[in-house]
Amino acid sequence: MSELTHVRADGSAHMVDVTAKAETSRTAVAEGFVRTRADVVDKLFTADLPKGDALPVARVAGIMGAKKTPEIIPLCHPLPLGKITVDFERLPDGVRIEASVKTRGVTGVEMEALTAVTTAALTVYDMIKAVDKMAVIDGVRVLAKTGGKSGDWSV
């Protein structure tokens, strides 16, 4: 089993030293879902919600979330993010959200991709809760990453 890099021998947390690492191109893709009723899906994709057109707002929120990741996840390194995309796929029971993040840096962007997805999902939830208080956010996960010492992988 590998050691946790954010925990010192005495058990205290610290920010990992990445100053000696080589700068490489890195990407991460994450997904998440907002589950809701079919009639709410229709409203979501026709911009017919009481709070307005949710998907453009959620896209911008996801992008902002990725950029703010080191401010809300305590041990994340601030990174120069070169590209962030947030996309939506209509499903019969909700919406699938996918975020892709790219950088050239010394550490990966998985947390930024996850934060983009969750921030977008929270925004969708906020904008549909007036019409569906039972909506659910689920299935948030990293789908793929490239670059860095651990190499490339995908689910």
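Backbone N, Cα and C define each Cβ position, glycine as well.
What Swiss-Prot says about this protein:
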BINDING   L75, C76, H77, M111, E112  substrate binding site
ACT_SITE  D126  active site
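The two recorded residues, L75 (substrate binding site) and D126 (active site), show a Cα separation of 27 Å. A 10 Å cutoff on Cβ-Cβ distances gives M111 (substrate binding site) a total of 22 other Cβ atoms nearby, all chains included.
When every Cα pair among L75, C76, H77, M111, E112 is compared, the largest distance found for this substrate site is 12 Å. The record gives L75, C76, H77, M111, E112 for substrate. Within 8 Å of the mean position of their Cβ atoms, the other Cβ atoms in that chain belong to T69, P70, I73, P78, L79, T107. For C76 (substrate binding site), the number of other Cβ atoms no farther than 10 Å from its own Cβ, over all displayed protein chains, is 17. Cα spacing between E112 (substrate binding site) and D126 (active site): 21 Å, rounded to the nearest whole number. Ranking the recorded positions E112, D126 by C-beta neighbours within 10 Å puts E112 at the top.
Sequence-distant neighbours of H77 (substrate binding site) (same chain, 6+ residues apart, CB-CB distance under 8 A): M15, V16, V18, P70, V106, T107. Taking the Cβ of L75 (substrate binding site) as centre and 10 Å as the limit, one finds 13 other Cβ atoms among all the protein chains shown.
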